[in-house]
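A quick write-up on the structure given underneath.
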Amino acid sequence: MIIRSPEPEVKILVDRDHIKTSFEEWARPGHFSRTIAKGPETTTWIWNLHADAHDFDSHTSDLEEISRKVFSAHFGQLSIIFLWLSGMYFHGARFSNYEAWLSDPTHIGPSAQVVWPIVGQEILNGDVGGGFRGIQITSGFFQLWRASGITSELQLYCTAIGALIFAALMLFAGWFHYHKAAPKLAWFQDVESMLNHHLAGLLGLGSLSWAGHQVHVSLPINQFLNAGVDPKEIPLPHEFILNRDLLAQLYPSFAEGATPFFTLNWSKYADFLTFRGGLDPVTGGLWLTDTAHHHLAIAILFLIAGHMYRTNWGIGHGLKDILEAHKGPFTGQGHKGLYEILTTSWHAQLSLNLAMLGSLTIVVAHHMYAMPPYPYLATDYGTQLSLFTHHMWIGGFLIVGAAAHAAIFMVRDYDPTTRYNDLLDRVLRHRDAIISHLNWACIFLGFHSFGLYIHNDTMSALGRPQDMFSDTAIQLQPVFAQWIQNTHALAPGATAPGATASTSLTWGGGDLVAVGGKVALLPIPLGTADFLVHHIHAFTIHVTVLILLKGVLFARSSRLIPDKANLGFRFPCDGPGRGGTCQVSAWDHVFLGLFWMYNSISVVIFHFSWKMQSDVWGSISDQGVVTHITGGNFAQSSITINGWLRDFLWAQASQVIQSYGSSLSAYGLFFLGAHFVWAFSLMFLFSGRGYWQELIESIVWAHNKLKVAPATQPRALSIVQGRAVGVTHYLLGGIATTWAFFLARIIAVG
């Protein structure tokens, strides 16, 4: 008798021809909702249409159908990203001075947009050097392209076409995986398989292929560019890939092929996989051989990580087991039940992902200046400032989004009957202690951090500089930060073998890298001024967290409104009969949190902008004397509120205010217009619904008199709609104002 092991069953994980493709739905706005599909009776209809179009939870309660819609929408999102990317590369190919910039990146500025001569707008085409007139761009694409080894506009053109093809492919995939082969719920919930594929596939093989590209294409091309070879003389990428001898001339170990790899003699490869630390003095960017090494190491880590979870082959970890084993002495059931939450509530899953991604984006913002990854990025001050500001804003929005979806999870997906004594339940049960302590911390930080500034303003006003908190009077040195800096500055010899410099020049150690007479990076000194503003950062961040966390922890119930869960995620007040219950919905906490997020990030980018202009960015003479843009005034000026207003906001706004008649004048107009958008928001935030409804009735009366009254009844915005419109214009106006202020300033002086 032969005993065979049972054949593994092949599970069918898709439904074929799940929903027929039809354009008829497109002709019926609001087809996803019975009420909205009826068409407009009042103007509120258009608001509801926009609010619910992508709220898939409101279309159906079937988790499988919701999952499929989200999955399909992701492909649409990817398609838009590829389309955008294609546009960026197309502008580089068609309208830019990329080839000229490549030949002389220190004297020529990057530009990829030339304004047509209509009503005199061609004034915006500034002279960026090399005889090219256009708008100076600050996105960092030129530096990225050089690091990738792109040497001609034709290559950019081909890449743009490739991205368009991918965009079309993504659109097709979105349609295919909803209409033709829609995955079943089991497929979406198979987390081990998902982790294996995302870790080993996306991150592992993704990093490996990038490392391969860096080694075989980017490194040799950049080596030629750094040596001053004309880009047109450099061999094409495929020649390096196909002809090993060509690479061996630059990196001798290539002649030995894979032998050192299999004989474990890996140090042979140290000519193109390095561990130097610091910056390349020619380009002011990280050593590209360091970054190739980094991506190879990351690839190996993720390829291993992608083989850790149990799928069809009965070996490896199961995520449920891992989570349920997480029990501490004070955490009751620990993470029991978390697996079920994360596989049945996409809001809970999204919330975690947004929190992680938001934090990571802010980490990216800081690394982009401290460890500038691309050639000639560090000396392009406009791009440095833009990249920092951009990643800070994006990170802030993602973190607020994390709180929003955590609250939606609490309202829509949390089932208190099945959750007892797990970590989340325990947090909810002592939420009063958490929130009241956090509130105390906010009050303490607010009064003390602001109090230090007010003290300084008062002493300064009374002419008593010796009694101020400053580096020259009463010092409040950030000793812990200085200790961390010092540790890192001394670390290279003791940690990585062969590392000649620390991970970042900002740590200290006296090294300075300048490219073409401009400072790329140098050790950043920290003093009393930084100590003060860092406590403002602590204050604003804690208040943001207080608002957002309160919204999540009290999303379902509170002492004021015990049945809050029944009212939903967003509601204006708890009915007409109960005063003092407005702005308590989870949505309102997100709304209020956005303002404090805006506060937090504004202080951060102001701090960064001024600190870099004062202590880092500037020019260096032949004698090695550094002249900073604002001459090191941060340490003495930023210790008073008056100093921030006078020497930062007012002094540095002169470029944007005086930009009329120059190529920077668009920023002057934006500065004006964005202030207007910001002020416009206050109209929505400070006036109530009744005021507008009264006004509307009067206007409708006039229309009736003239027999031009519309069939759709005009309605004032609801309370929630007014707040949404208000906060949108507030943030948009504020961010665009800052953008115009920063860019006009840094393009003029940088």
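Each Cβ is built from the backbone N, Cα and C atoms, and glycine gets one as well.
Per Swiss-Prot, transmembrane segment is recorded for 70-93, 156-179, 195-219, 291-309, 346-369, 385-411, 433-455, 531-549, 589-610, 664-686, 724-744. The [4Fe-4S] cluster binding site annotation in Swiss-Prot covers Cys573, Cys582, and the record cites sequence analysis as its basis. According to Swiss-Prot, the feature chlorophyll a' binding site maps to His675, an assignment based on sequence analysis. Per Swiss-Prot, chlorophyll a binding site is recorded for Met683, Tyr691. Here Swiss-Prot flags Trp692 as phylloquinone binding site.
All features noted in Swiss-Prot, drawn onto the structure.
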residue : record                        : Cβ neighbours (10 Å)
Cys573  : [4Fe-4S] cluster binding site : 17
Cys582  : [4Fe-4S] cluster binding site : 13
His675  : chlorophyll a' binding site   : 15
Met683  : chlorophyll a binding site    : 13
Tyr691  : chlorophyll a binding site    : 10
Trp692  : phylloquinone binding site    : 17
Exercise for review: State the three-class DSSP label for Tyr691 (chlorophyll a binding site), counting H, G and I as helix, E and B as strand, and everything else as coil.
Suggested key: helix
Exercise for review: Looking only at C-alpha atoms, tell me how far Cys573 ([4Fe-4S] cluster binding site) is from Met683 (chlorophyll a binding site), rounded to the nearest Å.
Suggested key: 21
Review point. Are there residues at least 6 beyond the ends of the transmembrane segment (156-179) whose Cβ is under 8 Å from a Cβ of it, and what are they?
Key: 17-21, 68-69, 71-76, 78-80, 82-83, 85-87, 89-90, 92-94, 98, 145, 150
Review point. Which residues of the same chain, at least 6 past either end of the transmembrane segment (664-686), have a Cβ under 8 Å from a Cβ in it?
Key: 123-124, 126, 135, 655-658, 717, 722-723, 725-730, 732-737, 739-741, 743-744, 747-748
Review point. So, does the transmembrane segment (385-411) come close enough to the transmembrane segment (531-549) to give 3+ Cβ pairs below 8 Å, pairs being at least 6 apart in sequence?
Key: yes
Check your understanding: Between Cys582 ([4Fe-4S] cluster binding site) and the residue listed as 'phylloquinone binding site', what C-alpha distance do you get in Å?
Key -> 19
Practice item. Could you state the whole-number distance in Å separating the C-alpha atoms of Met683 (chlorophyll a binding site) and His675 (chlorophyll a' binding site)? Key: 13
**Study point:** Cβ-Cβ under 8 Å with the transmembrane segment (385-411): same-chain residues at least 6 beyond its ends
**Key:** 138-140, 341, 345, 347-348, 350-355, 357-362, 364-366, 368-369, 544, 548-549, 551-552, 555-556, 565, 568-569, 586-587, 589-590, 593-594, 597-598, 600-601, 604-605, 608-609, 612, 735, 738-739, 742-743, 746, 750
Check your understanding: Same chain, outside the transmembrane segment (724-744) by at least 6, Cβ under 8 Å from its Cβ: which residues?
Key -> 138, 382, 385-386, 389, 393, 591, 594-595, 598, 602, 605, 609, 652-653, 655-656, 659, 664, 667-668, 670-671, 673-685, 717
Practice item. Based on DSSP, name the secondary structure state of His675 (chlorophyll a' binding site): helix, strand or coil. Key: helix
Review point. Against which stretches of its own chain does the transmembrane segment (291-309) lie, if we need a Cβ under 8 Å and a gap of at least six residues from its ends?
Key: 191-193, 195-201, 203-208, 210-211, 214-215, 218-219, 272-275, 316-319, 373
